[in-house]
Structures are given as C-alpha cells and as structure tokens.
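Going by TrEMBL, these are the annotated features:
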| type | residues | note |
| --- | --- | --- |
| BINDING | Asn10, Glu348 | Mg(2+) binding site |
| BINDING | Lys17, His199, Leu200, Gly201, Asn202, Gly203, Asp272, Met273, Arg274, Gly317, Ile318, Gly319, Glu320, Asn321 | ATP binding site |
| BINDING | Arg84 | substrate binding site |
| SITE | His172 | site 'Transition state stabilizer' |
| SITE | Arg232 | site 'Transition state stabilizer' |
Amino acid sequence: MPDAQILVVNAGSSSIKTALFGTDLHETLRIEASGIGTQGSIRTNGGARHDLALPGHTAALTAIFDAMAASGIRPANLCAAAHRVVHGGANLTASARITAAIRTAIADAVPLAPLHNPHHLSAIDAVAELVPDLPQFATFDTAFHATNPDVARRYALPDVPATSGLQRYGFHGTSYSALVHGFRASTGTPLPRRLLALHLGNGASLCAIRDGQSVATTMGFSPLSGLTMGTRAGVIDAGAVLHLVGTMGADAATQMLYHDSGLLGLSGLSADMRTLGQSAAPQAKFAREHFCYWIARQAGSMIAAMQGVDGIAFTGGIGENDADIRNNVLAQLSWLGNIPHWVIPAAEEQQIARDAITLLKDQTHAP
C-alpha cells in the first residue's frame, strides 16, 4: 500500500521513543512517551509535552497510537513494528521477524542485558496486545558483530558451565550497520575496504569494519567495556573490579562502574561533553583528554585487526558535533599518514526500518 508505515520502537525502562518511516525510508513522524511508571507525558515531533498517566508500557504505547491517530496515522496504515533490541545473545545474529521462538530467545538473553531486554519485551508484548495482526521485527545491537572471528570474540577463560555465554558480543551494531549502508549516500564515495568507525556519544565504541563487516570492536560482554564514556568506566582491569566488589559490595561497585564513572567520574562535574567543553576547570579538560587518549590508543588495536586502515568515520552525538574532539583524535592518529575521514549522521532508526522492510520483502517473495 502506498501509505504503508513502519513503526520503529526503542523502549527503555521509563520511556519509549518511536519513529514512523515510509517504505521509502523517509521519516514521517516522531513520538516519545516518557515518565513511564509515573505521571508521564507524550511529545510529538519534539513539540510541547502533554501530561498523562503512563503506568506501564502498554499504556505508553496506547498513548503513542492515540498521538499517531491525531496525526492521521492509524494501525491500518502500519505494515510493521520494528524494535531495537540491545542484546540478541549468541543465537540471534541477524534481524528477525518476532515469532514465539524469537521472543523466547530474546527472553533467554535477559541475563545478558537485564537493564534493557525486559523493556524491549514489554514493548513487543504491548504492540502484540494492541495490534495483534501487525508483523513485528527485531534488530539486535549485537548482531553486526557476529562476524567477529572466534579469536576476537572469546575470552581466555576455561570452557566450564560458569563461563557459558561469557564472550565479547559488542554493541552499537545498529549504528555501524546504518553507517555501512548509508556510507556512499552520505559521502559520495564507496565504502573503504578497511574502515575505522567511531560511534561517540554518551555510550562510545570503535569498530573495525573490513569489507563491510565487523571484525573487531571495543565493547565486550557488556556495554561497560572499551572507551571512556559518559558515566561508564570503559576498560578496567578485572582485578580492580574484584577489588571494588570486595570493598564496596557488588551493588555499589555496579553503580560506580556504570553510573558514576567515565567523564562524570573523572571531571566531578558532568557526563555531558558539551558542558565539559565549556568549562575552564582542569578536571574537565583532563576528562576530555582521557576520552580522546583512549580512543586513539584503542584505535590502534582496531587497525591491527584490519591489518591497516583506509578511512575513518565519526558518528554519534559527540562524533558528529564536537569538532575539537574529532581534531584531537585525528591529531593523535596522524602517524597513520593522510587517511581520509568523514562525519556521518547516526541513522539507527532508519536502519531498523530498513531491516524490517527487507524481511517483509523476503517473506513476500518466498515460495
């Protein structure tokens, strides 16, 4: 149908961000429900917030469908709902239509992403309740990195039951997949054979992309590892983690490593790179330097995994908007020689819609 729309859903614990795309991948509408579990609000296309009670994800999606209807889009206009799912575990290595088996597999990955996957499941179930006949699809942030070789993915741990599932999964895969798919359109040039991709935002990672596929990335078992981030510590000696757990307890150590570290912990001021960039405080300057140093240092490992580099691409909020950070990183990588670099807008939601359209077409053409 010419007006068919894909509803892209990104569900968190207290908010659901949605965007509507036509089958031409043009965004037509954006609606966000926030404050789930409290007196929440709905906002359409970044406009004024409208307060209403949102006791759970079903209520939030009901409000989103009501806001869609107010903009002239009804469930009958939808051809699919496409969900961002943070963790697909070891088995969900490609986007998929959500069946009972796929839903079970997403639930099985909850222990790997306890802060994310339960909320994705709540949104999936809510859409199924509200629009039972609407096909639903999932795109997994971990899936793009399924092409990493075993030597990159496996930790040097014994193969015993306690280590089952402990491997480097990698994250931000939807962002990197979008970058690969949209590279020529954004830059006017073909995708380099060996591309160092930098997703720099409140969460940050690097990815070594060779021939369009991930061969290494800086995040590992969880989104905690790798670069210095807004509130996350990044790479840290496992012995230091054991020490923190022993002295503080597991809950306090988890709070520190995930929520009180990174730029916030180093600066004592803010997790927001914009705030740090405007501050004259020496600790703010140090936090920015730390961020750039570890990007450049870990970039070396990504380049080694590709056995060279033919281009560098920045994406994400910091990567796209902070020229000083980009220039600092590029200066520290100047030993590479004259390597072309680009700034490419993040397009994760469009990629999720693209994945759903591809799967819909595949199913339509299947014998």
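Placed from the backbone N, Cα and C atoms, the Cβ positions cover glycine too.
Recorded features from TrEMBL, shown on the structure.
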| residue | record | contacts (Cβ under 8 Å, 6+ apart) |
| --- | --- | --- |
| Asn10 | Mg(2+) binding site | Ile16, Lys17, Thr18, His83, Arg84, Glu349 |
| His172 | site 'Transition state stabilizer' | Asp141, His199, Gly203, Ser205, Cys207, Thr217, Met219 |
| Leu200 | ATP binding site | Ile295, Phe314, Thr315, Gly316, Gly317, Ile318, Gly319, Asp322, Ile325 |
| Asn202 | ATP binding site | Met229, Gly230, Thr231, Ala271, Gly317 |
| Arg232 | site 'Transition state stabilizer' | Gly203, Pro223, Leu224, Leu257, Tyr258, Ser261, Gly262 |
| Asp272 | ATP binding site | Gly230, Leu263 |
| Glu320 | ATP binding site | Phe314, Val343, Ile344, Pro345, Ala346 |
| Glu348 | Mg(2+) binding site | Arg84, Thr174, Ser175, Ala178 |
Per-residue Cβ crowding (10 Å cut-off), top of binding-site residues Lys17, Arg84, Arg274: Arg84
In three-state DSSP terms, the structure that Glu320 (ATP binding site) belongs to: helix
For Lys17 (ATP binding site): DSSP state (helix, strand, coil): strand
Cβ packing number for Ile318 (ATP binding site), 10 Å threshold: 24
